[in-house]
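This is the feature table in TrEMBL:
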type: BINDING; residues: A:84, A:86, A:88; note: Mg(2+) binding site
type: BINDING; residues: A:85, A:101, A:108; note: Zn(2+) binding site
type: DOMAIN; residues: A:37-110; note: domain 'Phosphoribosyl-AMP cyclohydrolase'
């Protein structure tokens, strides 16, 4: 068991998986910095991503490992992997081929939530 | 229960919380686009954030609602809130006062994981 200090200040990997064995992955566009999607990785997806430079995820709905773009062709070539202080989230910066979102939009975050709302909150399509 | 199409293409809020009643929040710097931190919100934290424009989270370790900076002074003024296709993750773009990370670094993602590694993976401090 690593100490909190080792986890935060060390250079040893000590991924903190959730109860389902997953960590959160934020995927950003390596050029613009835009957040493209948020997905999950298990240990195998993480290792394949670091080893190969292709983005691999774990699909919670399909319960399987998944190389981004393997069916759609919308692959992600990873330029950089970063990890946060407590090692339970990573950011990958990618070169995205085509849209990242399954709705065929560049990013999954295509709707804004205007500030100042109370009660019934509505979204705004860009 | 909203249909998948309504959730993805509609303008109605239909947050998909996890088993603990939380959604993932990615917080980025409104100016640079840099990912500052990844945290969680429950329904109340989300609503307070949208209503007030201050970033509120839910601390899983302390099991309580938490306004960013309430003790440290390192507040986040929210400029934009965005939500993803299946409504289980949000991005907030903020004006960060001081460091976002409790380690006093600007971002929680202060370590890189060099690509191409197999076996024992090590991190690299920036």
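These residue numbers are counts, starting from 1, taken along the chain as shown.
Cβ coordinates come from backbone N, Cα and C, glycine included.
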With an 8 Å cut-off on Cβ-Cβ distance and a minimum sequence separation of at least 6, pull the same-chain contacts of residue A:101 (Zn(2+) binding site), or say none.
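Correct list: A:36, A:37, A:107, A:108, A:110.
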Determine the most Cβ-crowded residue among the binding-site residues A:84, A:86, A:88, using a 10 Å radius around each Cβ and all protein chains in the structure.
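The most densely surrounded of these binding-site residues is A:84.
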Since the record lists A:85, A:108 as binding-site residues, which of them has the fewest other Cβ atoms within 10 Å of its Cβ?
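So among A:85, A:108, the binding-site residues given, the one with the fewest Cβ atoms within 10 Å is A:85.
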Could you give me the DSSP helix, strand and coil counts for the domain 'Phosphoribosyl-AMP cyclohydrolase' (A:37-110)?
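Secondary-structure composition of the domain 'Phosphoribosyl-AMP cyclohydrolase' (A:37-110): 10 helix, 30 strand, 34 coil.
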